[in-house]
Amino acid sequence: MTEDSVLLDPSTGYLLLAIFSVLWIGLGFYWGRRNKSFEDHALAGRNVGLALGSATAAATWITSNTTMLAPQFALELGIWGMIAYSMAAFGLILFAPLAKRIRTLMPNGYTSGDFFRLRYGRTAWGIFMLFTLFYSLTWLVSMAMAGGILLEALAGIDYVWGMTVILAVCVIYTMRGGLGAVIGTDFIQSLIIIVGIVVVGFAVLQNVSVDEIHANLTATKPELVHVLFPAALMAIFNNLLFGLGEVFHNNVWWSRAFAFREGVGSKAFLIGGLVWFPIPIAAGFIALASGALNVAVPSPDMVGPLVIANVLGEVGAVAIFIIVFCSLASSIDSLLAATSDLITEDIYRRLLKPAADPATLKKVAQWITLALGVGTWAVCVPRVGTLASVLFFAGPLVGAMIWPIVTGLYWRRASSVGAIGGMLLGGGVGLISYFTIGWFVASTIGTAVSMVWVLGAAWLSKDRFDWNLLKED
Amino acid sequence: MAVTDRARSRQMNYPLESCDLPGSQAGMHLLRGANSRNSAFTTHQQEHRQVGRHYRQGTISFSKENIAPRSPRPFPDRAPDRSAVRLLVALISLAAALLLPAAPAAASAPEWADGGALASDTGHVLLEWQASEPVTLSIAREANFSDARELYEGTASSYFLSGLSDGEYHLRLQAAGGKLSEPAVLTVAHQSLAQALWLTLIGLIITAGIIATIWRGARND
């Protein structure tokens with residue numbers, strides 16, 4: 001990143017940062033004023049309606065990756081890359097029936113860890129915790145680092161300051177307001193992001209036609225419009241399976257399934273997925289227009305902001321700043337809330353203090369949120385760029401958890417041997433393929449190996465699971 | 001590229017290699033600093049050489065006789081003699097040569113950050129370079145750049161190139177002053193299409209299996 005790429009005056013950047021920080025913290029305090037117990041704090045009283053539910057599903061899935069990495073995908077892998085990124089919408093869409101099933105089987109559940117512990121036992125739970133904490137913490141670190149880097153790139157705000165403010169704001173309102181505040185702010189953030197992306201998309205179309213974009217791509221970047229582009233073809237299902245693995249296993253989504261009112265979960269996730277689906281396509285389209293608009297791209301992750309600033313000038317720079325800030329906040333707050341709930345429920349309550357009362361659990365969850373924030377900050381300050389890329393190692397790990405979860409929710413004969421072997425073998429072989437072939441095959445191969453093992457184990461298993469065991473108090 | 005330019009380019013890399021600051025921008029500042037210091041030094045040397053040349057040609061005299069002070073004339077009653085004028089002019093010229101800011105020297109040729117041999121199996125690559133002035137980046141399929149196409153012109157130090165088909169591509173940077181970089185060669189050989197199609201098929205089967213399992217399970221819910 002060079003100084004020349006700063007798109008916005010730093011004083012404007014600081015002003016926007018201050019306005020939105022005050023807004024989110026104020027709303028967090030407002031929505032958190034009625035939280036009394038751990039259930040209120042962690043699951044918003046299990047009473048979230050359809051509008052908020054759909055918005056939080058879409059907004060949480062719109063990370064800074066969606067607004068920054070989707071254009072990069074399109075610039076690197078073309079039309080297929082753009083579609084490949086959108087395939088992650090199937091994570092939400094296919095989680096819709098799972099959410100209904102989860103709510104039915106586990107009316108008193110709190111976390112995805114509860115499911116693994118009750119369904120497959122302690123060993124499988126331990127492996128799950130290792131995988132999911134690796135994924136969640138690297139996602140959290142990558143988001144916080146991305147926040148600092150993007151604010152610096154967009155408005156010249158010092159990396160440490162930008163990262164600290166974003167993290168501090170999210171920690172404060174998540175600590176105070178819990179999942180209720182997270183979902184409420186997600187609703188506003190999703191509206192801002194969607195309106196922003198749509199406006200930018202139309203603005204780009206005002207400057208250049210689809211025919212011009214296609215002609216430019218055909219002449220200068222032919223592989224981007226080539227149907228048989230090998231890396232892009234491999235990325236389609238790899239990304240779809242990565243997305244499925246992320247959503248199916250992570251407590252960010254399970255906590256929402258538990259928090260949504262009876263009958264809301266399946267509709268909310270379906271609507272959230274459908275709302276999310278076109279966003280990477282719109283963001284990717286912006287990147288494909290860069291050539292026709294004569295926007296030189298010094299770094300692929302900056303293609304989106306550069307095109308938007310080129311098309312909309314100062315207004316575009318302000319818009320992308322707000323969109324990025326909202327995208328970051330909507331993901332960081334969800335991760336903080338879901339990860340602190342996972343640690344509070346699965347480790348503190350189930351392992352250390354089974355007799356802890358609801359008020360104590362709420363306090364513990366708040367302190368864990370703070371500790372996660374401070375820990376993430378300490379890891380992010382040195383700005384070790386390779387840390388953010390560690391998130392991509394998680395692709396095969398989360399892919400390897402898909403089949404143990406799906407079969408565990410629907411098949412009585414799904415076994416612990418199948419789940420443990422599927423996670424370990426799928427994750428291991430997937431990681432090997434990550435290094436020997438590339439990131440665009442790791443999730444596919446990891447999921448394939450896990451699938452073969454889990455199905456084989458289920459076929460050979462004589463166990464028949466009693467669903468009532470999931471209805472733990 | 002002239003031999004002297006290459007030597008200067010190599011010299012200019014030393015501050016970058018010993019620099020603790022990460023990033024090309026920090027390197028560029030050091031690079032510019034090193035270059036301007038070299039430029040000033042070179043210009044003064046040139047001025048000295050010019051003065052020496054004039055001396056040898058007899059247009060300026062630095063003989064002991066001329067430089068030694070004459071007896072003062074508090075009230076000059078006539079115009080100063082020609083040798084005194086010459087001495088004055090010579091001294092002023094020398095002072096000017098020593099004191100006035102040096103004119104900028106010619107900038108060096110741009111250099112590729114990674115040596116100029118590039119390969120990609122995805123059709124995209126991030127090109128990075130070091131240059132002390134704006135550059136024009138060109139791409140060509142022919143090694144002699146007969147079919148060159150301009151990709152970028154400006155002061156950035158990187159450019160992201162994507163969407164390339166299989167083949168060999170030649171890249172070149174030209175500084176605003178006209179100096180050319182060594183050509184870089186980018187070889188694009190995409191991943192195996194057969195492997196891609198097999199993995200796509202496997203992905204399709206897995207996805208279909210997941211959908212079928214959920215659909216059958218949800219139907220019984």
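Keep in mind that glycine also has a Cβ here, set from the backbone N, Cα and C atoms.
Annotated transmembrane segment per TrEMBL: A:12-31 (among others), in sequence order.
Feature annotation from TrEMBL assigns transmembrane segment to A:43-62 (among others).
Residues or ranges marked as transmembrane segment by TrEMBL: A:77-99 (among others).
The annotation transmembrane segment is assigned in TrEMBL to A:120-141 (among others).
If you look up TrEMBL, you'll see A:153-175 (among others) marked as transmembrane segment. Beyond its flanks by at least six residues, the transmembrane segment (A:153-175) meets 1, 3, 5-10, 12-14, 16-17, 20-21, 24-25, 27-29, 32, 144-145, 147, 181-182, 185, 302, 305, 317, 320-321, 324-325, 328-329, 332-333, 336-337, 340, 366, 369-370, 372-373, 376-377, 380-381, 383 of its own chain at Cβ-Cβ distances under 8 Å.
Under the heading transmembrane segment, TrEMBL lists A:187-205 (among others).
Sequence annotations record features per position, and here TrEMBL assigns transmembrane segment to A:225-248 (among others).
According to TrEMBL, the feature transmembrane segment maps to A:269-297 (among others).
The transmembrane segment annotation in TrEMBL covers A:317-343 (among others). Tertiary neighbourhood of the transmembrane segment (A:317-343): same-chain residues 7-8, 12-13, 16-17, 20, 24, 42, 56, 59-60, 62-64, 66-68, 110-113, 129, 132-133, 136-137, 139-140, 143-144, 146-147, 150-151, 154-155, 166-167, 169-171, 173-174, 178-179, 181-182, 185-186, 188-190, 192-193, 196-197, 199-200, 250-252, 254-255, 304-305, 308-309, 365-366, 368-369, 372-373, selected by CB-CB distance under 8 Å and a gap of 6+ residues from either end.
As annotated by TrEMBL, transmembrane segment applies to A:390-410 (among others).
Annotated transmembrane segment per TrEMBL: A:417-435 (among others), in sequence order.
Here the transmembrane segment (A:441-461) has long-range neighbours at 234, 237-239, 241-242, 245, 395-404, 407, 411, 413-415, 417-419, 421-423, 425-427, 429-431, 433-434, meaning same-chain residues at least 6 beyond its ends whose C-beta is under 8 angstroms from one of its own. What TrEMBL records for A:441-461 (among others) is transmembrane segment.
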Stretch with greatest number of CB pairs under 8 Å, the transmembrane segment (A:225-248) reference, A:43-62, A:187-205, A:269-297, A:390-410, A:417-435 candidates
A:390-410
If I count Cβ-Cβ pairs under 8 A between the transmembrane segment (A:417-435) and each of A:12-31, A:43-62, A:77-99, A:120-141, A:187-205, which range comes out on top?
A:120-141
Distal contacts, the transmembrane segment (A:187-205) - CB-CB under 8 A, six or more residues away:
27, 51-52, 55-56, 58-59, 62, 67, 275, 279, 282-283, 285-286, 289, 293, 307-308, 311-312, 316, 319-320, 322-323, 326-327, 329-330
Is the count of Cβ pairs under 8 Å between the transmembrane segment (A:390-410) and the transmembrane segment (A:120-141), pairs 6 or more apart in sequence, 3 or more?
yes
Same-chain Cβ contacts of the transmembrane segment (A:12-31) under 8 Å, 6 or more residues past its ends?
151, 154-157, 162, 165, 169-170, 172-174, 176-177, 180-181, 184-185, 188, 318, 321-322, 325-326, 329
